[in-house]
């Protein structure tokens, strides 16, 4: 077993596994949680990967977003990766909540001192799924994968989906950072991880990436109108929506949820719709 | 408004209110959370009070037990009180997780230095519901109240239900301390709050109290077989079950859930059944 099992927790008829492994890509130990629904004891089920927001470990969403309830009902597995490598001795990496540790923005950094370990795009698209599908062969179906996420993880879900056509069957996002090149969080992260060339930033920005998308988008996005980060212009879902519309792309459902904030209460409320959205495209 | 509103959070179509008030009974500020389901905007709905376990504030269950999802679907409100008075300068009250602050055991203490403020039974049966029903008149129906809880809060739910016949329409409990006079947690708490007279303890012990119960019990209890506290003899649900059976009382459903532990994952899995149990007796 490539994973160390830290806990096995009975949950909604299935099992929540708290795992860790030594990543060759990040050069660190990486934590993750994997929820196996009851259906996986008799057949290979599809997998929905959930990317968390700033400050989070894999545990926050596992404990507070309630996705397992719907995943159990629909028969899909959930994968909760971590938000960055941890435990590195990088000066300044723990000074702010929105840069460095727990704030990787799910890209491959090109600038020192982050380039060596902050290779989250490669980790999430190759090493981690390969390992999970290999170690849980028979329980997980490697041909059926979708992606979702919250806030920074919504950026991660949308941008990875758009960068790797065909890899994921569908995408959804809760309050995503939808145009990171144009918001303070994204500007700080991209300049720190990628440098100051804004043309490079576009390669990691969902609102730019979507302009080249072919076919239907299979995307669901929820944003709360009471979300302070939305009000502060950190999320900019309207820019993403306009880019989709201007490119004539079908298949985006963007919903503004009246009065909802940026918290896990918002996600717990609407997770059911996001799991059902994925399930529809995962053949369930 | 007798309450200070610290937060109003949109959640499952309703509102979660984080409140506090000055309690005349405990002599302290007391925190609580109140979930109002969408149905309460047009009519008075019944109320289910949830008592938390050792170490918890009102927030733990609010964030992790997901009772709100089912409460929203069924149309009942949820009240999450705190687990003790807080902020008192009582020597030793913060030295252990299982005695003093966050560990009131929901009784009226008779021993100094706790007797003055640790009057949680009075607080929960008079001041708090009176205040909540008065301040939310029209949204809550004071004639329809049920009670539930986890661990120490399961003890609280069962014992208050049995001490006040007719006050609550039904009771349920997740992994309750069902016979506190006979387990280490209960012995420590009862001797500290009540003194060493074990006859006094019986007045606060569900397994003793149930012997005098008349009529059906309207009780649902879930216990996980993988619960370490159950294995260590802190919960003793079998003693409660035997007392019920010996007294010829009907209406106890006690379920052992294979492999489940003592955590919020256990509660989140089975909360739906507990909300439905309450709803049945609350006329929903």
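Glycine is no exception: its Cβ is also placed from the backbone N, Cα and C atoms.
The DSSP secondary structure for residue B:151 (active site, charge relay system) is coil. According to TrEMBL, the feature active site, charge relay system maps to B:151 (among others).
For residue B:227 (active site, charge relay system), the same-chain residues 6+ apart in sequence whose C-beta sits under 8 angstroms from its C-beta are B:175, B:235, B:260, B:261, B:262, B:266. Residues or ranges marked as active site, charge relay system in TrEMBL: B:227 (among others).
In the three-state DSSP scheme, residue B:262 (active site, charge relay system) is classed as coil. According to TrEMBL, the active site, charge relay system annotation covers B:262 (among others).
Residue B:262 (active site, charge relay system) counts 22 other C-beta atoms within 10 Å of its own C-beta, drawing on all protein chains shown.
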